Every structure is written in structure tokens, then in C-alpha cells.
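Here's the structure, in C-alpha cells; my notes come after.
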């Protein structure tokens, strides 16, 4: 019944298996990918007719993760998979980027590729398997897919490159890099790095490129054995048409490209396009050339003119040389009510960035195949139509916006303080207010400025730059800080972000084959010089984080308690924690490991809540002195309430240095007295003394008052001080971290 074809290879100690002919046989191309316990179904479907006049290749990639792949039922009311998650969008783009440039330029048939995770194994990189499966499915389809793509993931652990590291290994890796390409060249790179050098990044790309070559081989073998026919393609346009356009309109196009303003240049080129179409209108009526052929030939002429100016004259559209960076302007603090804000402008590209601090309750909950976790750093990239002067409605975030936001997130994330150092959640929103090349890198620069203005203790300022490439034969030019037109007509989009010390993110998309590691090395070094120049301009405005947080930011602290004390803070039915929140106005979040995060609108409310928590959860030590309230008088002594909710007993012999006949002759119910903890009886009850404590000069000696509230305030204040002293004297990382946090941000 099935005519199944299977190819396999042992890859990094695991068997990678590709098979076709059993599942989804009616699809033009269908491949099942297996590695470990991961199983993916990748299909490709090609429309029978071309979509004439569309102006671009209508390729759609959909990556889907099914809940049953890990034995789960989806949450929500409908209990089924809904719209694509952020991860699904990002992996879809990861598949699209190395594949899209490899189709015949005249191919405009609707093409859909779907990659579905049927079974998930956390020990295998399913995003890499999806790229491999999509490439194999297209190789089996009738689409004119000109070269075979494969991919690999690279980590860096203890100075050694690791192929396809597991999720657990990635937690300790200095690098998370995906590289895809053919047998000849790299086509795509996506990475997050922890301040690695250009040489290390280049070696990582080489390592990944060499590692996936056996996979390219088995995809080719699978396609050759399946022997599926391919669509025959004609030239995109007749060469005679291009020659005629070049002869008639080349001078006008050159003059248009000499205009520095994007809007004026675009208007001039649009007018030329109308003239070209009008000139050939008679041929359109005779059906000699169609509109799409004319527009395609015109774009080719424009590309040739732009590229020739760069390669032969070292002259770019706006008059810059290949290494020049556009003029930069930076401003911070322009939004008074925001926690932090910045405006970063580079030429005609501009990003307005704001940063907001929140609590752990504001963290993004992410639920995917790996399980549920929280993300404390969120970065939203917004690209409104007005940024390119287009009259279009605002819509939900596009795939492009999600992808650009994630790239900026990767660039910023490595330089953020950890949660112990800075217990806030952070949201950055970057509005692209103008765009003419590399708005994602403007987002990186603006985000760094806004975070520093907010007072977030980032490790170092970060800047980003987009590089381009023009290559003809062996001659090439690498372009720094590319414009939109240079991106469109060029051969590479190469984005690098990092500090003065190293790279934090690298993204590369190549449109042609033959880009070797020599060119990549030149591009990386040129990007480093450009990045340092941009950082220099940014540092003139703000070079390090503000010492204090914005007055609009919430106050927060973190307290580490014993896990057994969690129930005491919560109380029966949440009574205690609710009372603390209501009386202090603070928010409290308790983790299972005993980490208590407290958030409040101001420092006073924060102190009230945190002191109450410490009073409940932290046990007093023998020898410590507290202010307490007399709650009951007996013949043998008195009960004292201290440290919030704790009670102890003072024997009559411990009340005064002198002999007394009755307790009530010295103290009365409601009095505030100074007590020292001297031990515990056999039932665990605290034994206190007044006579020794009264001589202690380390505390203020308040006059007795009949105020329980004042007694609690004084008691809590004393307790807080003693904790801080102990934090410095004991080898206790949690308490030390807590004290440093309070001292840095709230004292």
C-alpha cells in the first residue's frame, strides 16, 4: 500500500531519519523527520498556476506545535490549538529565511510549507529538524527549488563548541546560534551570544556549516530516489526588454538615486516607473510584454545602476562611502511619566523607546512544549505604517514585528542584571517612528539608552548596526549602516549588536550563493568599527545607568525564607497575606523555593510589608534585643509580644535587677519594654529578660507607651536592623543579596 523511501544518517551521535511515501501522500512534497523521540511532518504544496503581477514570491511557512506531542491537552475554553504562538512565528521565520532566496526568480506560484511537531523530545532541536524537513519537502515538490538547505544549532560551553545542544545545556551556554546553508555557502545565521568576539562568532558559524553537510547529502539522496518532476521555468523577462529600458532611462535612474531624501527619491523613481510603463503600453496591448515583465526588468536596471556606483565609484545612494555611518542623534527622558524613555535617530531611521518596570506578577507567562515558565524581560517592536508614509490601518503585530522584536530582545538580554540583583520585570516598547534601513538595530540602541535612563544596572551599553553586501564575481563591497534600498537591491542583510567588549546578537540573511567566510570576516570587522562609533555617540548622552530609579517606578525587595514558613505567611485561607497586602498597600509574590517578592508604590509601604513578612518568617536568635508589648500580667511574670506575632515570657526574677514583690509594681499591661531573648523552654516557648536588655545602649530607649501599634512599629524596625547586621556577618548569600538590593535602591 505504501511506497515508502527512507534515508538516515548518524548525526552527532543520534540517528536522523527522513522518510516519504507513507503520510500525507497527496501533498506535492511530504517528509517525516525523526530524531530521538521527536517526530515532525513537513509538507509542501505548490499552486498549479502562477500569481501574475504580484511582485513577490508568495511563499507561506507555518510551523505548528501540537499539545499532544508532549501528552498535554491545550488550555483555554476551546481546548484546541489556536493562533500561532510567538515561538511558532519565530520558527516559521527561521525556516523561511534560508529557503526563500533559493527559488527560481520567475517562480511566483503560491507555495505553502507546513511543519507540524507530532512528538517532542527535549533532547533534540525541533526548530533545526523543521528547517531540514521543510527543505526536504520542497526538494520533493514540483517547485523550482534550486539548492538544498540544511541547518544546525551551535552552543559554546567551557570554551568548546557543542553541536545541537539540549535545552538544559543551553542554560549554561555562552552562545545559542542557528546556521543554515547549502553545500556551497551559508544562507542564514540567527544567534544570541554573551559578549563573544568576532573571531569566536565566525568559528561558530564555520563549525555549524561543516556539521550539517551530511544532512544536505541525505536530502539530495531522498530527492534523487523519489524522482519527482520539477516545473519548467522561463526567464523573468526578455533580455531585449532590459536592454531597451537601460538605453532609454538609465540616466534618469542615476539622477534619481543621487537624491539623498528617501521620500523625494522614491517619488522620482515612481515617476520614472510610470514613464517606462507608458512607453511600452503599445507592447502591452500587443501582449508582447506584460506589466510584471516590465516592472521586473526595470528593477533589474535599477539594481545594476546602484551596484555599479558602489563597486566602481565607492559611492552610495546618499553619497556616503562604504564605511560611513549616517548622522546620529540621541535623547533620553523625553516622556516624563514613563519610567524611562529615549529617542534614537540615525539618518532617516528613528525609534522612540520607553521602558517600564513591573512586579513578578507582571511577568509574561509562556506555555509551550517545554512547559510553562515566566519571562521577566519583554521587548515589543512596533512598526506603524506612518513610519514609511503609508496610509494603512494599524493591525495586530505582524510576523516581521515579532521577529524584529525578538532580535532586539536577544541583543539586550545578555547585558541585563539577574533577578537577584534587580528583582523587577522589565518591558521595553520600541515604536519605529521613521524607517529607512535597520529599524531593528535602532531599536537596540534606543532600548539601551532607555534602560540606562530608567536606572536599570545593565552591564554595558549596547548598540546595533546593519551591514550590506554588493558582490559581482570576485569583486565585493561591504556596506555599513545600509539604507532600505541598499537592503532591497543588495546581496546580504547582516545585523550585529553588542557592547564595546563583544557581540550579543548576530543575524545574517544572504540572497546569493558564494558568500564565503572571507567576506563574513570583513563584514564582522567593519561592523565592529561601526558599532564602536555608534556607542561613542550614544555615550555622549548617557554612558552608564542612572544611580536612582525613576520616582514613578515601583519599589521592590526580595526576601529569602524557609520553605516551611510559606504557610505561615499565607495563613489559613490566605488570611495573613491578605491582611499584609491590605494594611501596607503592597503586592506579595511567593515562589515555591521560598523567595518572597514584595512590591509597593513607595518605599514606606514596601517597608511595612517586608518587615511584617520578616517578623513572621524569620526566627529570632538568642541574644537579640527587641521592643515588645506587655500583653498579660501574672504573679510569676509577664507575657510579652515581640517581633510582630511572637510571644515570650519574662519571669519575675528577670524584670529588674532589684528584688520586686509584684510584677505590676514595675510594668503594666500595654507597656512597651525592651527585652532580650535568652533561650527557650522545653516546649519551645521563648524566655525573655528585661533587666539585661534595659542596660543595652545599642538601641534607643523609648519611653513606655500604651500603644500596641507603636510597639509593633518599633519592634519591626529593630528586627530589620538586626537582620541587616547579620547579613554582613554571616556567609548567607540570600540575605546578603537581599540587603544589597535594599541598600542600593531604597535606602
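Glycine is treated like the rest: Cβ placed from N, Cα and C.
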Exercise for review: Could you check which of 694-716, 717-739 is flagged in Swiss-Prot as region 'Disordered'?
Suggested key: 694-716
Check your understanding: Can you check what DSSP calls residue 487 (Mg(2+) binding site), collapsed to helix, strand or coil?
Key -> helix
Practice item. Just name the most isolated of the binding-site residues 487, 493, going by other Cβ atoms within 10 Å of its Cβ. Key: 487
